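Features as listed in TrEMBL:
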| type | residues | note |
| --- | --- | --- |
| TRANSMEM | 57-77 | transmembrane segment |
| DOMAIN | 69-281 | domain 'GPR180/TMEM145 transmembrane' |
| TRANSMEM | 89-113 | transmembrane segment |
| TRANSMEM | 119-142 | transmembrane segment |
| TRANSMEM | 163-184 | transmembrane segment |
| TRANSMEM | 196-215 | transmembrane segment |
| TRANSMEM | 236-257 | transmembrane segment |
| TRANSMEM | 269-286 | transmembrane segment |
Amino acid sequence: WYVALAKCVPGGDTYTPTFLDMSPKNFFKYYFTAWYYLHFTQGNDSEIPVYQEDLDVVYLTFAILSGFAMIFQLSAARQLHRSDAFHPIIQLLTSIVWLYFVSNAMLASHFAMFQWNGYGIPMFLCLGRIFQTIVHVGTLLLAMLIAKGWTINSTALDGQTRLTYAMVLLLMLYVSLAMWYLVWLDPASTIYMYDSWPGIGICALHGLVLVWFLSTLRQSRRKEELDEKRAFFTHMAILFSIYILSVPFMVTLATLLSPWVREKIVDSVTLAIEFITYSILIFLLWPSRAPKYFE
């Protein structure tokens, strides 16, 4: 909503009545000052804006779902740790699933509180977005480690420097995007956050990461002789290709959506893709199957 208040006087702001014209009526007409307090809410007294309506329900739903996923993964990690099979890949996945739950829980709390106080919990919003970024970059790192066959059919990790540079660059772009969105973007603007140079850079980098991921995974699969591990590489190629392409896809979808439904739909679909990805990884790397893939 927007409200405009205007003071209409002859001659505009430059008009000043003479002493002879200064009557009680003119004084209140030209010099009276009023203070207005305007408080807008939704029909149900909710403070949350229309383009973020129901985000509290969305994040609460995925906080519960990711909570169950975290419980399953922690149980799997405990079993693998007891059997001395808690490989670095599983450790990274466990950290990602845990942060995924924490970010959803924080954002659910923020948007739930937003309904009542009009600003939510800013610290939870900030930390939730930071954890979302770490989770996404961590998932791409997990994809590249699997593509390189690390602890699957190779104990050495080749190209560590290039991999580190790529992940740091992606993380910096996400931080730049967050700064642009939170600091420089006009709150009244309907521009999507990816319509910026950091957003364009992120989409372009995802395309390069996809090509790099598939070419690296193909080489690792070609070296493998065991059918179970070759099938595992194939499953990872399909799963992570969909995950990596989800960002450019969501950016394209967002440009086609109206501003008042864009954030709700984009966040919902993104959370669903992430949850499905982590659920499949938890299933494929369950303690009864993981030892068959890792050395």
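Cβ from N, Cα, C; glycine included.
Any TrEMBL annotation is an automated prediction that lacks curation.
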Contact check, the transmembrane segment (89-113) vs the transmembrane segment (269-286), 3+ Cβ pairs under 8 Å, seq sep 6+: yes
Contact check, the transmembrane segment (57-77) vs the transmembrane segment (196-215), 3+ Cβ pairs under 8 Å, seq sep 6+: no
